[in-house]
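Enquirer: Have a look at this one.
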Amino acid sequence: MAMDGYLWMVILGFIIAFILAFSVGANDVANSFGTAVGSGVVTLRQACILASIFETTGSVLLGAKVGETIRKGIIDVNLYNETVETLMAGEVSAMVGSAVWQLIASFLRLPISGTHCIVGSTIGFSLVAIGPKGVQWMELVKIVASWFISPLLSGFMSGVLFILIRMFILTKEDPVPNGLQALPLFYAATIAINVFSIMYTGAPVLGLSLPIWAIALISFGVALLFAFFVWLFVCPWMKRKIAGRLEKESALSRASDESLRKVQEAESPGFKELPGAKPSDDSAVPLTSLAGEAVGASEGTSAGNHPRASYGRALSMTHGSAKSPISNGTFGFEGHMRNDGHVYHTVHKDSGLYKDLLHKIHVDRGSEEKPTQENNYRLLRRNNSYTCYTAAICGMPVHTTFRASDTSSAPEDSEKLVGDSVSYSKKRLRYDSYSSYCNAVAEAEIEAEEGGVEMRLASELADPDRPHEDPTEEEKEEKDSAEVHLLFHFLQVLTACFGSFAHGGNDVSNAIGPLVALWLIYQQGGVTQEAATPVWLLFYGGVGICTGLWVWGRRVIQTMGKDLTPITPSSGFTIELASAFTVVIASNIGLPVSTTHCKVGSVVAVGWIRSRKAVDWRLFRNIFVAWFVTVPVAGLFSAAIMALLMYICGLFSSSR
């Protein structure tokens, strides 16, 4: 059959297929490296480089198997023997419908399944072309079942693996010995699965024809060799690296404590007073410790029964003009000791501190229902108010702690400063001099917005004896120690590469499956499609996926790596390994499972095991709803394009 008249459709199909691959890369590749970026083991740029390599390799070696299911397993192509041009138009429609919906979802940062898109689009054009008889409904039922099986299976495998790791490694007082013993096993399992997948699916591409037992034997042998290499070289190197890191952190901690102790001894007798400060000025604002006045504090604490007073501050601000100390130099404070053992400082109302703290410290007014104290943090142990003020102006984060029990003023939220989330550049600043304070004020004035807010600020900085509520069992969240982070750092990178490889093999079919069908129909002049999937078409799809990742991938990486649940290297390793294992198995048996479903199932399962409240269930609900919405929406887009193309092809045929 002469197909030259439909060359325009093939050209259009290639263009749309690249756009579809672009959308797959922008949306689905986040499943592979999202957790690695979220746990901090790789940067976004490093993730893009690694994903580009492994996505392309996986698409070439594994993509042919699933591509056959996409292009021949969902619809009965034999019904189009007499109307080949209709099937070609349908393949173009399927790509358009899938690409449009995935681009919209990527723009909205909504992670959806590329498999859902292409399946729904294929069904949509078939219903328009020849009605419901063109759809192989039993195949569709199997695919729909896999949408539920894949997250459950992946989540179950991830959960079991994480429980074992937590039991034998994470909960140990010294996790290093058990972790080092398990490293060869972890690496061997990852390599074995990967090698088996390549040889089983990619053997025709490599020119090999081996029985399955031979492939399994080779995979097992390669895994043993790799495990021996890890045990012989990687484990001793990792042990030295962990010991060096711990020794360095211990030395830094000792030096920091010694430095703070010396400064505290030198500055504790009193506070400096700046020129222009008038303690008797009625415009001054008291700055005081509320450690003994907070709700829940004992009477003994208020009476000063502790051997040393806890230094904190409470800043009560009222509406009024504020001027920078750079312009008028009217910043001052003076310490006053009351008989309750607390130190009271006075801050001039017209000083720059008023304005700067007003704009730099944000009060969470939505926490009135929970006045109890959060975890204790110590910002600094020093009595130097310059240090506190400069740190606050530079943007120390604030967490709500308790409400002041001051009956003379309206109840307002109180907060404490937390110093564990400040950028490295901010930590390097000096906070203990007047010049550093003035520099911070000058920078803050440039960034500050005009306006005023009434607030009361309190921060507890130094009292380790203050009672605090332990988090409930549901609120507890396990965090990796420094040595555990190092143990699983490289493992998560390896499993992320493995997941990217599996993703390339599974999801390249979503973009290239219809294009392969379109190309084979045009080349052979029929719908039989007996030829194997061309490798260069798989490579073409891999390039499109990588392009989408570099341009738009970071939008969904944020959702998968950070928003759904916090990720650590240990939990990220289990998520990556179990979900990738599920995807590779599905790819090898030709079942187009969704990598999104596998990864979401693993993330939710491990996050729920780590902490009952660590999972963003609202986001999970939205993703779950999107799984159902994608198929009909993509089908509607495809059906509309199919109707348009059939109209155009009808005009074209009549004109000939």
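Positions of Cβ are set from backbone N, Cα and C atoms, glycine also.
According to Swiss-Prot, the feature topological domain 'Extracellular' maps to 1-5, 68-86, 131-142, 505-531, 588-594, 644-655. For 6-26, 47-67, 110-130, 143-163, 191-211, 214-234, 484-504, 532-552, 573-587, 595-610, 623-643, the entry in Swiss-Prot reads transmembrane segment, with the evidence type sequence analysis. As annotated by Swiss-Prot, topological domain 'Cytoplasmic' applies to 27-46, 164-190, 235-483, 553-572, 611-622. Taken from Swiss-Prot, the feature N-linked glycosylation site covers N81. Residues annotated as phosphoserine in Swiss-Prot: S253, S256, S259, S268, S316, S385. For 257-283, 459-478, the entry in Swiss-Prot reads region 'Disordered'.
Help me understand the surroundings of these features in the structure.
Expert: Taken together, the residues of the topological domain 'Extracellular' (1-5) have an average pLDDT of 65.
Long-range neighbours of the transmembrane segment (6-26) within the same chain, counting only residues 6 or more positions beyond its ends whose Cβ lies under 8 Å from a Cβ of the stretch, are 55, 85, 88-89, 91-92, 95-96, 98-99, 102-103, 106, 114, 507-508, 510-512, 514-515, 518-519, 522, 540-553, 555-556.
Sequence-distant contacts of the topological domain 'Cytoplasmic' (27-46) (same chain, six or more residues past either end, CB-CB distance under 8 Å): 54-55, 102, 105-106, 111-114, 489, 492-493, 496, 499-500, 503, 507, 545, 548-549, 553-554, 556-562, 566-569, 571-572, 575-576, 579, 595-596, 598-599, 603.
Counting every protein chain shown, the Cβ of N81 (N-linked glycosylation site) has 11 other Cβ atoms within 10 Å.
Long-range neighbours of the transmembrane segment (110-130) within the same chain, counting only residues 6 or more positions beyond its ends whose Cβ lies under 8 Å from a Cβ of the stretch, are 23-24, 27-28, 30-31, 70, 74-75, 79-80, 83, 86-87, 89-91, 93-98, 101-102, 140, 143, 147, 506-507, 509-511, 513-514, 556, 559-560, 592-597, 600, 622-623, 626-627, 630-639, 641-643, 646.
Taking H, G and I as helix, E and B as strand and the rest as coil, DSSP gives the topological domain 'Extracellular' (131-142) the counts 9 helix, 1 strand, 2 coil.
Cβ atoms under 8 Å from those of the transmembrane segment (143-163) belong to residues 74, 113, 115-116, 119, 570-571, 574-575, 577-579, 581-583, 586, 591-594, 597-602, 604-606, 609-610, 627 of the same chain, restricted to positions at least 6 beyond its ends.
Just so you know, the Cβ of S253 (phosphoserine) picks up 10 other Cβ atoms within 10 Å once every protein chain is counted. In the three-state DSSP assignment, the secondary structure recorded for S253 (phosphoserine) is helix.
In the shown protein chains, 10 other C-beta atoms lie within 10 A of the C-beta of S256 (phosphoserine).
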Enquirer: For the topological domain 'Cytoplasmic' (164-190), could you work out the same-chain residues 6 or more beyond its ends whose Cβ comes under 8 Å from its Cβ atoms?
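Expert: Answer is 223-224, 226-228, 230-231, 234-235, 238-239, 242, 478, 480-481, 483-484, 487-488, 491, 494-495, 498, 570, 573-574, 577, 609.
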Enquirer: Answer with yes or no whether the transmembrane segment (623-643) touches the transmembrane segment (484-504) by the criterion of at least three Cβ pairs under 8 A, sequence separation 6 or more.
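Expert: When sequence-distant Cβ pairs are counted, the transmembrane segment (623-643) does not touch the transmembrane segment (484-504), since fewer than 3 lie under 8 Å.
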Enquirer: What are the DSSP helix, strand and coil residue counts for the topological domain 'Cytoplasmic' (611-622)?
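Expert: Going by DSSP assignments, the topological domain 'Cytoplasmic' (611-622) contains 6 helix, 0 strand, 6 coil.
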Enquirer: Any idea what the Cα distance is from S259 (phosphoserine) over to S253 (phosphoserine), rounded to a whole Å?
Expert: 10
Enquirer: Sequence-remote contacts (6 or more beyond its ends) of the transmembrane segment (623-643), Cβ cut-off under 8 Å?
Expert: 89-90, 92-94, 96-98, 100-101, 105, 110-113, 116-125, 127-129, 147, 564, 594, 596-597, 600
Enquirer: Starting from the Cβ of S259 (phosphoserine), draw a 10 Å sphere and report how many other Cβ atoms land inside it.
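Expert: Result for S259 (phosphoserine): 10 other Cβ atoms within 10 Å.
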Enquirer: Which whole-number value in Å describes the distance between the Cα atoms of S253 (phosphoserine) and N81 (N-linked glycosylation site)?
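Expert: Distance (Cα to Cα, whole Å): 76 Å.
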Enquirer: In the same chain, which residue numbers or ranges, 6 or more beyond the ends of the transmembrane segment (595-610), come under 8 angstroms Cβ to Cβ?
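Expert: Same-chain residues near the transmembrane segment (595-610) but 6 or more away: 28, 31-32, 34-35, 111-114, 147, 150-159, 162-163, 166, 477-478, 499, 502-503, 506-507, 560, 564-568, 571, 574-576, 578-580, 582-583, 620, 623, 627.
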Enquirer: What three-state secondary structure does DSSP assign to N81 (N-linked glycosylation site)?
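Expert: DSSP assigns N81 (N-linked glycosylation site) to coil.
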